[in-house]
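Annotated in TrEMBL:
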type	residues	note
TRANSMEM	A:56-78	transmembrane segment
TRANSMEM	A:192-217	transmembrane segment
TRANSMEM	A:237-267	transmembrane segment
TRANSMEM	A:279-303	transmembrane segment
TRANSMEM	A:383-405	transmembrane segment
TRANSMEM	A:412-430	transmembrane segment
TRANSMEM	A:459-475	transmembrane segment
TRANSMEM	A:481-506	transmembrane segment
TRANSMEM	A:527-546	transmembrane segment
TRANSMEM	A:552-577	transmembrane segment
Amino acid sequence: MSSLNHNSHKPRRKSRELGSAASHGLLYTDPVTQEKKPLFPLVGFLGPAKVTISKWIIFPIILMVVGLFRWATTFWGYSGHQKPPMFGDFEAQRHWMELTIHLPVSQWYFYDLKWWGLDYPPLTAYHSWVLGKIGSLVNPSFFELDTSRGLESEELKVFMRASVLLSEYAVYIPAAISFMRRFSHSQGVGKWDFLIAVTAVLMQPATILIDHGHFQYNTVMLGFVLASMSGLMADNLLWSCVWFIAALGFKQMALFFAPAIFAYLLGKCVFPKFSFGRLVSIAVTTIVSFAILCFPLLLGSLYNYRRGLPLPTTATGTPPPPLLSDLPFDIPDGSAIYPFVLQLSQAHHRIFPFARGLFEDKVANLWCALHTFHKLHIYPSALLQHVSLALTLLLILPPCIILFLKPQRSSIPLAFATTAWGFFLASYQVHEKNVLLPLLPMTVLLSGSGGLALRLRSWIGFANILAAWTLFPLLNRDGLAVPYVVLTLLWAWLLGLPPVSWHLYLPGRRVVDEPGLHWAEAIIHSAFYIAMVGWHICEAFIAPPYNKPDLWVVLNVLIGAAGFSLCYTWCLGMLMVQSGYWRNPFLSKPKVKFQ
Amino acid sequence: MPEAIYPTLVQCAIVAGAFKVLLFPAYKSTDFEVHRNWLAITHSLPIQNWYYEDTSEWTLDYPPFFAYFEWLLSQCARWVDPAMLRIDNLNYDSWSTVAFQRSTVILTELVLVYALHRITASSPTKPTTHTAALSILLSPGLLLIDHLHFQYNSLLYGLLLLSLHLAHRPRSLLPSALLFAALLCFKHIYLYLAPAYFVYLLRVYVLHPGSVVRIRLANAVKLGTGLLAVFAAAFGPFAYHGQIPQLLTRLFPFSRGLCHAYWAPNVWAMYSFTDRVLIFVAPYLGLQVDPDAVNSVTRGRVGDTAFAVLPPIHPRTTFLLTLTFMLIPLIKLFAQPTAANFHGALILCGYASFLFGWHVHEKAILLVLIPFSLLALKDRRYLGAFRPLAVAGHVALFPLLFTPHEFPIKVVYTVLWLVLFLFAFDRLAPVSPKGRVFFLDRFSVLYLAVAIPLICYCAVVHELVFGTRLEFLPLMFISSYSALGVVGSWLGFMVVYLAD
């Protein structure tokens, strides 16, 4: 362990290397003792890393620490734990492993849809197949066809939890480190700040709680998105396409980012000078990756067809998807292409369930908030779909246009975050868990220039704490209230955020040449934090009135939707200021200029 | 004001505390029920029945201060879940009971944080002491034993370190002695360290510094009355009811075997291992093999240990060996009664009792590990002796937790601690003023290298190859390997101690 002041005794060159432009912003001088202190505790924890930068030591340590917190979260409840008859996400994921290893590929999207029928894109199915194969080696009873439904043995739990952790370490963590390294490097951020940002991102409470508590594989999809963003950072546009198709192929929710990545790539082809070759190669790469993604699925259909085996609709008794009859042309079910069209249209039908409602459960987006005051289900579903599409387009157009006109690397996280917030707030069929998507590009801003300084840290922290807070009703149902409190407060404490530390919003602990927050920002943030704490107190101790049993949940949604709208606005504003489209003294540029 | 070092003790305690809260629902051993039962006993029975109560098989077998401590906790427990305080409510572990008992472990750990804070604050070599203090606070031993397995060692070691800290200054010798006496009344395992205290106090506090035959009467009286008061406070109520013999049979159950259920990594583990090997070799050497003993060596069961080839071991043998190896450092301490020598002698007393004692728990390695951590950074020779102990002592604790869900926690946490602190220690330990012992360096490197394949074998390979057969084999390998490390580090430290 070393003292932070150690730096001052070092030769000058060294200190410049370590303490880059933003770095000295991490220490402040105590007015009483004149001692240099870390601005927030996480800086203190990585203090030793400032002098002993050996990545061979520091990275394994960070990865082990974040891994331990993840694994410790797995001791708590999960979605559907001891909740027959249907159980929850845990059972869904387990069931997909069961069905993929026992059934022919052609039946995956058709088999017994009432019991957690597969409704994720093919890459999730292949992932489940691999895990199912491995799990069956460990214990064949984990994934016995039909008889293993609702299994909750201790051994199975450990296997499933470990599969989430290992998938995350295989995809998300390398991608996150790669993206943040390229991003911080392109912004001239020092190594030490980069390490602090990496640790902060990997300790994000909402992501840990959903994947390792509630139980899902979001980090795999998020990891592919980060890999794609990392490709954009390195100007590896083709790889970026491949990774993005992988993300989409794992979880359709990656569509939140699709317009942004499309706009960026298109912009890259058009500006500064139109490049037809680039456009074609991007298009071809995308189509080929997509074809490879669907290839095993179609190969299964081909196999069936050549062998003369019955169609999956006949084999499983599932009716053909409505999409098939909506096609403008008619395909007789005896024709050679019918099995393939059937397979793809069924997958599409399963993955994009437009038959479901405008929003799922209670989610802090505009529709659910609006629904509180004006019931939306009186309108026809088609109308709602169109309105939601129009509003989503309206929200995502500004960031996409900016990205198209000025496809610069420094805009990527902000533009991605803005687009994803737009989708989250206004699109159709949004889950509360989807907040992880806009949160990710916003949080990686920590590794950018000025990322750990006052303004960005306060907004990123605000979004993260608010997101975790809107997830609380869900987490509480899963028996995850304690990990929620622990991980969220720990993160808030590490990054010096309310409700643990209010120094961001108070004068005193200020670094010399740093612009402070605008008083309006300070007041709005503080109001939200106070509302969140107050809400928790009310929710814990006051029963909702008899005629409004959902009062607390509804309040949570309203506050959340308001806060997320602010996040959208802020991201858009920052993006405009930063790309030079808006000169606004209110969102004044940080001293350290974005490149 | 001295410059703070980051991360501070309190910061580390906060992060570790968050992690420990997350571990609330994890595996807990029967010790959890033991402590729940003690809460029930002390809460619902009059004091004269405490050491007679035997509804549960986990009778009260800690000294009275610990019983008082449980009584104090039970006063709070009443408000949390009164059901845990019923004696007949065996194996009761409602969520609130678990949360309550686990939180008391975390809260009482603050004593350790305080002790470490005192030690660091007054240290002349702050960066090194700070690192050593963090290594104790974050010790995997304490995490596994206290926060998973369930015990209150952090509290007790906090008291021990506080007493050790006070012993370093002549002015606070008396409080140090009384604190140690109180600690003995919490848990009598610390009797193993008492000889070092006895010799040191006798020489420095009771006898005249100039001549060993002159007694400083005032000091002797102060110490005597103090000790008497402490012990009276602890044992007085029971002496009043005439229960001291009953109490002693509870505290010292002599009917146990040489080796504990899991083999503690000491000399007897090596002895048993040799015996096992000799079963196969004996026919060629013309040695007698006792056929009854071949299948009965302690296999994860408490009981008498029978050896097939080697002569049996009597309690008296272990006692004499322990005493002999305690005497060596104590003689030096008597001759040169410095605080540093006292600290070293204390560690060596811990070593001797752990290595040669009768029915030693693997958990008792903390008696050596924790005081040694504070001395490991004195110079590189000390570090050389400490390294194999740090590996062996923690690896030896692995069999305590055998459930698959906890496996990553124990392994990753221990590896993290070893990487972090062995690296930090290596950077911080000053060069030794005297020559280093060549053998010791090579030994510790080789020793570290063997740990990885061994853990892999015991965790995965053995089960794949043998299934459930030969279950004792991984345990035996781990304890023999660890025993080698502990013995190696003991020899190394003994040499350094005597040479200094």
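Every residue gets a Cβ built from N, Cα and C, even glycine.
Counting Cβ pairs under 8 Å to the transmembrane segment (A:237-267), the top-ranked stretch among A:56-78, A:192-217, A:412-430, A:481-506, A:527-546 is A:412-430. At the 8 Å Cβ threshold, with sequence separation of at least 6, the transmembrane segment (A:192-217) lacks contact with the transmembrane segment (A:527-546), having fewer than 3 such pairs. Residues 462, 465-466, 469, 472, 498-499, 552, 555-556, 559, 563 of the same chain lie 6+ residues outside the transmembrane segment (A:527-546) yet bring a C-beta within less than 8 angstroms of a C-beta in it. Sequence-distant contacts of the transmembrane segment (A:552-577) (same chain, six or more residues past either end, CB-CB distance under 8 Å): 362-366, 368-369, 372, 395, 398-399, 402, 411, 414-415, 417-418, 421-422, 424-425, 435, 438, 442, 459, 462-463, 466-467, 469-470, 472-473, 524, 528, 531-532, 535, 538-539, 544, 583-584, 587-589.
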